[in-house]
Amino acid sequence: MKGSSRLVAFLGIIVIMAGVFAWTTPGLVNDIRLGLDLKGGFEVLYEASPMEGGEKVTPSSLKETRKSLEARIDKKGIAEPEITTEGSNRIRVKLAGVTDEDEVRDMLKKPVNLTFRSGANRDKIELNGTDFVQNGAAIQRDEFGNPIITIKLKDAKKFEEITKRLTGQELAIFLDDELLSAPKVNYTISGGTAQISGNYTTEEATKLKDTINLGALPLKLTEKYTQSVGAKLGQQSLHQTVEAGLIGSAIILVFLVILFRIPGVIAGITVVSYVWLLLLVFIMMNATLTLPGIAAFVLGVGMAVDANIIMYERIKEEIRSGKSLLSSLKAGSKNSLRTIMDANITNIIASVVLYVIGNGAIRGFALTMIFSILVSILTNIFFSRFLIHLLIRSNKFNKPSYYGVKEAEIRAL
Amino acid sequence: MHYNDKFHTNIRFDFIKHQKKFFGASLALVVLGIVSLLVFGLNYGVDFKAGTNMDIEIGKAVTQEQAKELLGTLGYKDLAPTVGGASNQRLSVRFDEVLEQPKVTEILNALKKQYGDQVSAEVNVVSPDMARELGVKTIYAVIIASVAIMIYVAIRFEWRFALAANIAILYDAFVVVALFSIFRLEVDLPFIAAVLTTIGYSINDKIVIFDRIRENLRFSKTKNKEQLAEMVNASLWQTMARNVYTVLTVLIVAISLYLFGSESIKLFALAKIIGLTSGAYSSVCIASPLWLMLRGKQKPKQTAKTSAAS
């Protein structure tokens with residue numbers, strides 16, 4: 001390739017990149033998933049414990065509890081809930097865009113105490129939530145189209161005994177201390193399934209069915225950690241911190257060009273591609289950007305250019321020692337690579353440890369840090385080298401001053 | 001200031017000659033930090049000390065007195081709310097107790113009634129066992145990260161380099177902790193992130209300098225103390241520009257975050273600023289003289305082998 005065609009290739013790459021970045025960046029920015037601390041919402045870490053003691057929290061009961069939380073949240077119509085189990089007895093719930101946080105949290109946490117009671121004062125507890133098969137209650141229609149609720153019990157024998165004993169009497173359904181309904185037992189029921197009928201409207205029947213299913217939730221949940229962020233505050237954090245990042249990055253770009261001239265311009269180009277590629281990685285990994293994540297992103301800009309600086313300073317040194325531009329470039333990039341990789345590896349070690357211990361937002365920080373280091377290896381080491389190679393070999397920029405070296409500093413070899 | 005012909009380097013300041021002053025100053029800071037930690041301890045945020053933290057954007061200027069009065073009417077006495085933000089619109093209150101959600105709502109509603117519906121808050125509630133768990137995890141994290149980085153440096157360099165570098169990075173981490181203790185700044189989880197990344201980042205300049213020292217060691221066969229000191233000075237000055245520039249770029253973004261970033265990221269940014277500054281200082285003024293001291297302890301051998309460095 002001739003020198004001028006290398007320059008054309010260089011300019012072509014820049015123009016194409018600028019076009020792609022300008023065209024795709026708004027879309028990328030819009031697609032990025034924001035953490036609760038940026039869009040507002042709340043996160044609760046629950047610790048589950050058995051309602052009645054004795055029983056251990058089993059993986060399946062934890063999973064079922066998660067499912068029932070999901071169902072409750074779905075019923076509320078809250079979009080994109082994130083509910084995950086952690087360890088052996090924890091459930092983390094993240095909800096965004098909730099307008100009635102108090103109500104939702106009450107609903108989630110409430111130790112639903114469903115009881116079926118008998119006796120004149122309705123004070124003898126015959127059955128409670130754990131006697132029912134989870135999600136076993138359903139709505140059916142009788143021959144007249146009236147809604148009836150079917151329930152399933154775990155222990156058919158026990159239910160048979162109860163219904164036999166209470167035939168002709170009431171079996172009142174309580175949620176906590178609130179009487180929901182007081183159906184009469186008409187006959188002994190065997191087989192563990194039963195129907196509750198009455199003059200229910202569809203709405204009432206649905207509510208009763210949901211309550212029984214809710215009552216089958218076997219674990220008590222205690223809030224161990226909560227974070228709640230107002231939507232306005234989140235947006236403000238987002239805007240301020242992104243703005244801070246842009247200001248810092250702009251200063252760095254000016255700083256690089258003043259210090260390193262031509263290579264400084266290349267550093268600037270690689271920083272822009274670093275930001276673009278990191279956004280792309282974020283979206284492809286479906287990672288969540290948190291406030292500390294933005295901080296890591298921004299610090300990453302400062303750290304990414306370290307690779308450029310270490311390499312350029314080394315190249316300057318080689319030029320000063322009297323080597324030709326091309327051999328300075330070769331020696332400079334070779335000698336600086338190991339140092340740059342050392343720096344990246346130690347930073348990755350610290351970030352991985354942070355990821356392992358951290359929770360929510362800090363994990364976002366650690367993850368962003370790791371991504372940003374990996375991306376910067378691509379853009380600020382390899383891509384930067386490629387670009388500077390093209391420029392130097394184009395033979396259009398041969399003066400040492402283009403690289404920030406004064407003629408007087410160059411020694412004879 | 002003099003020009004060293006052998007290393008073609010302008011030595012503008014003799015760091016080795018003044019090493020005692022640096023060691024003295026740093027030691028004084030360490031002692032001050034230890035005393036402060038023993039006497040005052042750290043000002044733990046809710047992440048580590050259970051309770052409730054409310055960060056409230058009021059949207060209007062507010063004074064500490066007003067906030068105190070309002071909280072007092074709700075029955076919260078002896079609180080020390082702090083007012084921050086560019087125009088005193090940000091209120092931060094910490095409660096030692098774990099507040100139930102209705103109480104949090106009550107406080108926010110009272111604020112909204114007084115200042116308007118634009119009031120928006122971040123509320124963190126941490127139970128005692130979670131705080132303890134996080135504290136334990138954090139201590140492990142700092143130890144694991146330091147040890148892992150130490151092992152890495154020990155593999156990359158001979159033991160004197162590794163020891164000198166590790167003392168310096170631990171010093172940097174300690175300086176951040178000490179200054180936060182002395183100035184009673186709040187220690188939360190992002191602070192730990194700042195300390196851990198300080199450890200990871202501050203090693204960089206040391207590696208740059210030690211790589212250069214190792215390279216220069218190969219040139220000089222006779223190594224008496226003066227020659228070694230001169231070589232270390234030359235290595236420091238040869239790498240000075242890149243060390244200053246690399247720290248400066250990260251410092252620029254950290255300062256931008258501190259000045260323009262959101263309130264909740266400010267202390268993190270401050271911790272980074274302290275760590276970065278200390279890291280730059282300790283590379284030049286602590287790690288390198290320390291290496292020379294360790295090296296000097298070695299008995300001078302006439303038939304010294306050339307460095308095993310590759």
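Placed from the backbone N, Cα and C atoms, the Cβ positions cover glycine too.
Curation plays no part in TrEMBL annotations; they are all automatic predictions.
As written in TrEMBL, here are the features:
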DOMAIN    A:63-118  domain 'Protein translocase subunit SecDF P1'
DOMAIN    A:124-218  domain 'SecDF P1 head subdomain'
DOMAIN    A:224-391  domain 'Protein export membrane protein SecD/SecF C-terminal'
TRANSMEM  A:242-260  transmembrane segment
TRANSMEM  A:265-285  transmembrane segment
TRANSMEM  A:291-311  transmembrane segment
TRANSMEM  A:339-358  transmembrane segment
TRANSMEM  A:364-388  transmembrane segment
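Helix, strand and coil counts from DSSP across the domain 'Protein translocase subunit SecDF P1' (A:63-118) read 23 helix, 17 strand, 16 coil. If you count C-beta pairs under 8 angstroms between the transmembrane segment (A:339-358) and each of A:265-285, A:291-311, A:364-388, the highest count goes to A:364-388. Here the transmembrane segment (A:364-388) has Cβ contacts under 8 Å with residues 10, 13, 35, 263, 266-267, 269-271, 273-274, 277-278, 281-282, 285, 287-297, 299-300, 303-305, 307-308, 311, 329, 333, 337, 340-341, 344, 347-348, 351-352, 354-355, 358 of the same chain, all six or more residues outside its ends. Looking just at the domain 'Protein translocase subunit SecDF P1' (A:63-118), the mean pLDDT is 82. DSSP labels the residues of the domain 'SecDF P1 head subdomain' (A:124-218) in these numbers: 27 helix, 31 strand, 37 coil.
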